[in-house]
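> Please find one structure pasted underneath; my questions will follow.
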């Protein structure tokens, strides 16, 4: 059905003329021709453009039974989860609950998940932005994925062999973990996490003045293996996004609130903010020497990276850049930190090989490390790379992705007349993050790019006032970008990454010795239970522990009796050994639900507060007799 025939398409008042869809549709071919002419290329006809788009669309077709070339990991934003997509098909493969409660798997309900979440299990929400895969020698090693929670100041780790969160930490002394990146070489030793908001220290309600000397935020490093704090560095201003270099020595972060303001006008007052660069080796040496303080009850080493009386600390350098910078991205060739201007139409290119001289005091001006500042368009937010010397930056206000050549931008900064902009592509609409395949590694392959647009407007069937986001897949394998797919997503992915499918190795069934459910195994041992075979009920005062196996289509315990008010823990081990035969356990009217996949042990605790007969059943369709996979909990009145 065409738009003009659809009665479910939002109408545009006549006085406003064409809708944006109509305008862009009418001008697409003309715009492409003008762009090609401006860039010195051949003018594309309507037919040649249509053929090019058709060929690109054929690349994304993944037929029935065929597999995608890449794993894509999307942050779930304020949904609090991570989503796994296949690329280029853009099919959603799995959702990994992290900071949210998930009734399908029982995440946030099961004892195993709550043990991992720790004290923060009390929070039912999260806001995750930046997923990143662990690396060795600048390449994805497929071991872990890390994700931030801005809402409750947490960082979580996901084991990629099982696609489950296995560690979580609340970062002390700070609020709102936003930017998150990983050390790239020699391996991911640290997870670098920006705390965005400035708070008083101690934050005990006695001081609210952000200009106070003891009001600040910190740059945080977490040990990637133990998921414990490694160190924190106090900074001037606030922190937005971050990235690390390919030497293992430097990390950098953008600051958009050098004013330490709390109001919109105040945060835009300065014409320049900065990128703060951290010397990780200097920080490590100070920690090793015991040259640090601690704050409150936390034992985390804290170092002061602020300027004192105009003098730099040995840990940091502040590089002025145009106002309110946002994205901070390391080029895949390892040469540059690139800070996107946001309120400036420029990106600032920091030459990483000049940073040792900056820290050694050999440069007269911190801006001597800036080797390029290309003007790209309105609202530059984030930059990605194709491994062929080109960068791609989102332009939020212009609703475009701009492709530009980095070395030509450096030449232009020196005064040479060169057109470093290669193409501008309309996206729909207002893009934030973007990510090219393997772009944050030294193996960037320049095949696919995803632009994560914040508004979808008229791109999909209307679904009410809340619209989906629009994640658009772009073919960048040739000389020109080609938009090939619109992907609606629920609120609100911020960023994504792509890894080759050979870089991710997953288990087909659980290992019975997996540490994920080790605390539950230990509990069973204390009760003298063999989880692989035993089906028993153990009473310990008003605590009842029900142990059972499950093999489709039957639970090992088909009924058990408790008293009203008992605390009941049900532990189930799925002894099926067939891939994909997952079981579920739901107790009706009790808010109890969990997943038990093959060879997995899961447990859940609840209070049997209602007398009477209560059925439990398998919520997964695991067998032809799935409906008959039930049991009874009989609750005697108190």
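The backbone N, Cα and C atoms fix where each Cβ goes, glycine too.
Pasting the relevant annotations from Swiss-Prot:
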type	residues	note
BINDING	129, 178	Cu cation Z2 binding site
BINDING	130, 433	Cu cation Z3 binding site
BINDING	256, 259, 267, 273, 324	Ca(2+) 2 binding site
BINDING	326, 382	Cu cation Z1 binding site
BINDING	454, 469	Ca(2+) 1 binding site
BINDING	494	Cu cation Z4 binding site
BINDING	583, 618, 622, 629	Cu cation A1 binding site
BINDING	618, 620, 622, 626	Cu cation A2 binding site
REGION	542-638	region 'COX2-like'
SIGNAL	1-52	signal peptide
> Between the binding-site residues 130, 494, 620, 626, which lies closest to residue 454 (Ca(2+) 1 binding site), Cα to Cα?
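Closest recorded candidate to residue 454 (Ca(2+) 1 binding site) by Cα: 494.
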> Determine, to the nearest whole angstrom, how far the Cα atom of residue 259 (Ca(2+) 2 binding site) is from the Cα atom of residue 469 (Ca(2+) 1 binding site).
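Residue 259 (Ca(2+) 2 binding site) and residue 469 (Ca(2+) 1 binding site) have their Cα atoms 32 Å apart.
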> Which binding-site residues from the set 130, 178, 267, 626 come within 10 angstroms of residue 618 (Cu cation A1 binding site), judged by C-alpha positions?
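Checking Cα-Cα distances against residue 618 (Cu cation A1 binding site), the binding-site residues within 10 Å turn out to be 626.
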> Could you check what DSSP calls residue 130 (Cu cation Z3 binding site) once collapsed to helix, strand or coil?
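In the DSSP reduction, residue 130 (Cu cation Z3 binding site) maps to coil.
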> Could you check which of these binding-site residues, 129, 130, 273, 469, 494, 620, sit within 10 Å of residue 583 (Cu cation A1 binding site), going Cα to Cα?
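Of everything listed, what lies within 10 Å of residue 583 (Cu cation A1 binding site) (Cα to Cα) is 620.
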> Near residue 130 (Cu cation Z3 binding site), how many other Cβ atoms are within 10 Å of its Cβ?
24
> Given the Ca(2+) 2 site residues 256, 259, 267, 273, 324, which other residues of that chain have a Cβ within 8 Å of the mean position of their Cβ atoms, reported in sequence order?
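After dropping the recorded site residues, what remains is 237, 238, 255, 257, 258, 261, 268, 269, 270, 323.
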> For a quick check of packing: other C-beta atoms within 10 Å of the C-beta of residue 273 (Ca(2+) 2 binding site), how many?
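Taking every protein chain into account, the count is 29.
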> Give me the count of other Cβ atoms within 10 A of the Cβ belonging to residue 259 (Ca(2+) 2 binding site).
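So the Cβ neighbour count for residue 259 (Ca(2+) 2 binding site) comes to 19.
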> What is the nearest of the binding-site residues 129, 273, 324, 469, 620 to residue 629 (Cu cation A1 binding site), using the Cα of each?
620
> Looking at the region 'COX2-like' (542-638) alone, can you tell me the average pLDDT?
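The predicted confidence over the region 'COX2-like' (542-638), as a mean pLDDT, is 98.
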> Within 10 Å of residue 382 (Cu cation Z1 binding site) by C-alpha distance: pick out those among the binding-site residues 129, 620, 622, and say none if nothing qualifies.
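Hits: none.
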> Please report the distance from the Cα of residue 267 (Ca(2+) 2 binding site) to the Cα of residue 326 (Cu cation Z1 binding site), rounded to the nearest angstrom.
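Here the two Cα atoms lie 13 Å apart.
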> Over all shown protein chains, what is the count of other CB atoms within 10 A of the CB belonging to residue 583 (Cu cation A1 binding site)?
28
